[in-house]
Amino acid sequence: MKLPQNVSLVACLAEFVGMALFVMIGCGSAMGIKGSDSTGSMIPGWVLMVALVFGLSITTLAYSIGHYSGGHLNCAVTLGLVLTGNCGLLQGICNVASQMLGSVLGAAILCAIFPPELDMTTTLGANSVGPKWYWWNALIGEIMGTFLLVFVVHQTACNPKSAMNRSQACIAIGIAVFMAHCVLIPIDGCSINPTRSFGPALLALSRASRASPADEGPGYWRSMWIFWVGPLLGACLAAGVYKLMLQLETAGREAAKEATEMPEEDSEEAAEMPEKDSDPEVALPTRL
């Protein structure tokens, strides 16, 4: 297979495999145990468990494939890295395509593992806005949750000043994912990753209840736009803030450099100037 020189096939394969495993483990953790009690309230322990599984999955898989592809595992992360120049455009497009296919494969594996009657989410863990929340609650949450993730990715894995701590970047990124899930799971199940949302929602159509209105479709498809627009906007904001911080740091460093060079130039100019008599002659009246 002949690919452009600036596209890595092994990176695409790594993203495909990593995304399939991420969806299988992350969404699978939510499917096996019921997350709400008889009153419909979410069980805090379940929220914590699912959030921890998603966070640890990202850390583990990023360490596993990071040396091949950077361990994006998220098209929003890929977008942010492309915008800041840390990933080529063509490689980014191929990574996203691989992530999408991997997400579908992960959801298909979950279909084989969990029969419909044993899927406690009934939707393969697909994201949807909770009944007590408005769409704009979920949208803002997705924007800020993804902003947190992409900001942490850039500051720990891309910033030149964090090079000495680069080996711990995956831990910080996994913790960021855990933090976002703790906040957003009760609201919309927490996406912050459009490719993670796509696969389960697509395969869940095969299990969709016919009770859903035909003109609207299942809830997870009616709100799917939130799980694309929100994360992509959050990634763009994080990339912009990262680049702004780099520019401000560069400007501050140049200003400091100029400030330290100015006294040296002044001292050289002073050394070149002829010395003046500190006691100038005073013209005295001449006695005739």
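Just so you know, glycine gets a Cβ as well, placed from its N, Cα and C.
Taken verbatim from TrEMBL:
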- 6-33: transmembrane segment (TRANSMEM)
- 45-65: transmembrane segment (TRANSMEM)
- 96-115: transmembrane segment (TRANSMEM)
- 135-157: transmembrane segment (TRANSMEM)
- 169-187: transmembrane segment (TRANSMEM)
- 225-245: transmembrane segment (TRANSMEM)
- 254-288: region 'Disordered' (REGION)
- 261-272: compositional bias 'Acidic residues' (COMPBIAS)
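Remote same-chain partners of the transmembrane segment (135-157), defined as residues 6 or more beyond its termini with a Cβ less than 8 Å from a stretch Cβ, comprise 70, 74, 76-77, 80-81, 84, 86, 129, 165-166, 168-169, 172-173, 176-177, 179-180, 183-184, 187-188, 190-193, 223, 226-227, 229-235, 237-239, 241-242.
Count of Cβ pairs under 8 Å against the transmembrane segment (169-187): among 6-33, 45-65, 96-115, the largest is for 45-65. Sequence-distant contacts of the transmembrane segment (45-65) (same chain, at least 6 residues past either end, Cβ-Cβ under 8 Å): 14-15, 17-18, 21-22, 25-26, 29-30, 33-36, 71, 73, 169-171, 173-179, 181-182, 185-186, 190.
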